[in-house]
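Presented below is the structure to which this report refers.
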Amino acid sequence: MWGVCSGAGVLTAALAFGLALGVFAASFGHISGVHFNPAVTIGILIAGEIQALMAVLYIVMQLLGGIAAGGILRLLLTTNVYGQCKGGATLLAKYGNETVAKGAVSYGVDSVRIWQGILIEFIATFVLVTVILMVVLDTKSKTGLAPLLVGLTLAVNILAIGAYTGGSLNPARSLGPAIFAHQWDDHFVYWIGPIVGAIVAGFLYRTVWAHHDRRMFVKRTSAAAASKA
């Protein structure tokens, strides 16, 4: 959120979030997995890589962390700067436009539609969660470069969609600024899109993309065959 309020644009925000995630994943990934994101935790739960109770605890802590981050940002930024960046809130983009009809010029405002925002956040989160599952958890494709790959994936996604939705991919990231800056416009977009994207990614991993020792139906078939033998 510091990057969002720096006034340097989407590129700075993307690098701030992406590089921070990569560094934390490399430092603490072996301890907690550093999800930081309820959508990611839900995707991993669907993929069968975390227990339900632990997932609930993770999500509660992630939401509290997002709220704390929003409060710290409000505390440390001046009122003017905080107001200009709307507390780092993620909002659907609005565009000014002008039309000329019968010699008269009129001005209006167009914006990213709600369904468009949900779909954009869905696609970006789907990509992020898929990469996490494949490079961090899958027995065949996981790699020591996972922190770098995950961080770059987040950065690229924010670069791609930041100008349209703010590039959340994370309900906890959107919740904190919404509370302290009172920016609730279309807030549900940042829950529906990321969570559904993560669920689809987790389901496809569990049924299609995972190595056979992690795949849902293959594991059941193998277990049944072994018991018959």
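Glycine is no exception: its Cβ is also placed from the backbone N, Cα and C atoms.
Of the listed segments 3-22, 63-82, TrEMBL assigns transmembrane segment to 63-82.
Only sequence-distant pairs (6 or more apart) were considered; of these, at least three Cβ pairs between the transmembrane segment (188-209) and the transmembrane segment (35-56) are under 8 A, so the stretches are in contact.
Long-range contacts of the transmembrane segment (148-168) within the same chain, counting only residues at least 6 positions beyond its ends with a Cβ under 8 Å from a Cβ of the stretch, are 4, 10-11, 13-15, 17-23, 25-26, 89-93, 112, 116-117, 120-121, 123-125, 127-128, 131-132, 135-136, 174, 189-190, 193-194.
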